[in-house]
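First the structure, in the form of structure tokens, and then the observations on it.
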Amino acid sequence: MALLARGELRSILQTQLPNVLDSRWDTQATDQVEAHGEGQTVLLDFDAVVKAEAIVEVAHFVRDTFGYDFLSNITAVDYLKQGLIELVYQFYNAAEGGPDLRVRVRIGRSPEECIVPSLTPTWPGADLQEREAYDMYGVVFPGHPNLARIYMWDEFKGFPMRKDFPKTGDKYTHVTGE
Amino acid sequence: MSDLQTQMDLEQQGVLFTTINKLYNWGRRSSVWPMQFGLACCAIEMIAAAASRYDISRFGSELFRASPRQADVMIVAGTVTKKMVPQVVRLFNQMPEPRYVISMGACATSGGPFRDGYNVVRGVDLYVPVDVYIPGCPPRPEALLHSLMTLQAQIDVQALQQVRWYGDDEGVVNEFPIPVFGAEGLEVAGIPGTADPVGGTPKMPPFVSPALGGKGERDASIKALEGNQPKPMLRAGTVTIEEVGHGIAG
């Protein structure tokens, strides 16, 4: 049980769980290449980027091996230009304290690709956050006990936080009088 | 000696003159009871206006009623989301007449900083007629008190025979349509299609303020421009519930 340094999880996973890392993101960010550049460099990262189907295994691994037992946060990011939805999982070591450990999953935006296994069976606290990612970004979580919309009404179709969701017009683009 | 002078002289001797209208309006203006109803941070300022420092009871409005059946004014204090607006309209419909609406703050008036978001109504006047608008984000308690005084000034000039809820005028609306949740946004009776689409422009003009003589009709002088139609939802590359979803989950 120990805290991991920034970027350390990636090298640990390479030796201990060789098949979980997403090979598309092998290049680790360095201090020279900041993770806010143009194009693909925006996706360079210090954190481990794992395959979607391996997220449950990795989550259990960091919990059981290093004591990151508290799943503080799940959020989604839409990279429209790169055609990706990124899920960011933040784990916290309740016994040893911070900083938290981030694990990322990058999946395509199409319905066939936008699927990540649910962590709710192990961390019940993931329930509402996975529903939020589903409601706002359209990420589907197989294994979730009740994957319904959480903010929008059930009848609604579409995912408003996606970058290609329309945003049009203004109430006052009318002619008044005449 | 003028009539006013006669009246004041007689009042000094304990004889009071008034008209039914004046007496009636005085009674109503001095007991405008708000509905206890807050939506966002403007409600905090509304609470401050009710507390002792600003003391809304100086104007007879200290009784925040927990039921719309006992309220005279609905202070729409805060951001009205598309998910909340059916309840707002329903509460307004349940208020007995005479009834008034104060739109407090930028969000209730126009959507405020959230007007380009997918989830906020661009002005509560699209759904209920508004008597007084207060600018500010949030307005200070003094501004709320000023809006109350403005409302009292509007009540003062009302003539019993002419107020909209006692006349038998054609076209007086007492019941406002409650929006319904649809696949692309809010649907409103009488407005074809999705009246207030999520991520689009409302297809309906606002209600005319009763202060300007509105009787519950929408402002016909506001015409939608060509091309002011919301874009169709971009579905390419996005997931819909039909395609994936409940079948895969669980």
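Cβ from N, Cα, C; glycine included.
TrEMBL does not curate its annotations; it predicts them automatically.
Taken from TrEMBL, the feature [4Fe-4S] cluster binding site applies to B:Cys41, B:Cys42, B:Cys107, B:Cys137. What TrEMBL lists as domain 'NADH:ubiquinone oxidoreductase-like 20kDa subunit' is B:41-150.
Distribution of TrEMBL features across the structure.
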residue  : record                        : DSSP (3 states)
B:Cys41  : [4Fe-4S] cluster binding site : coil
B:Cys107 : [4Fe-4S] cluster binding site : helix
B:Cys137 : [4Fe-4S] cluster binding site : coil
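When the binding-site residues B:Cys41, B:Cys42, B:Cys107 are compared by the number of other CB atoms within 10 angstroms of each CB, B:Cys41 has the fewest. The Cβ centroid of B:Cys41, B:Cys42, B:Cys107, B:Cys137 marks the [4Fe-4S] cluster site; residues of that chain outside this set whose Cβ lies within 8 Å of it are B:Ala40, B:Glu45, B:Ala77, B:Gly78, B:Thr79, B:Met104, B:Gly105, B:Ala106, B:Ala108, B:Gly112, B:Gly136, B:Pro138, B:Pro139, given in sequence order. Around the Cβ of B:Cys137 ([4Fe-4S] cluster binding site), the number of neighbouring Cβ atoms within 10 Å comes to 12. Mean model confidence of the domain 'NADH:ubiquinone oxidoreductase-like 20kDa subunit' (B:41-150) amounts to 92 (pLDDT, 0 to 100 scale).
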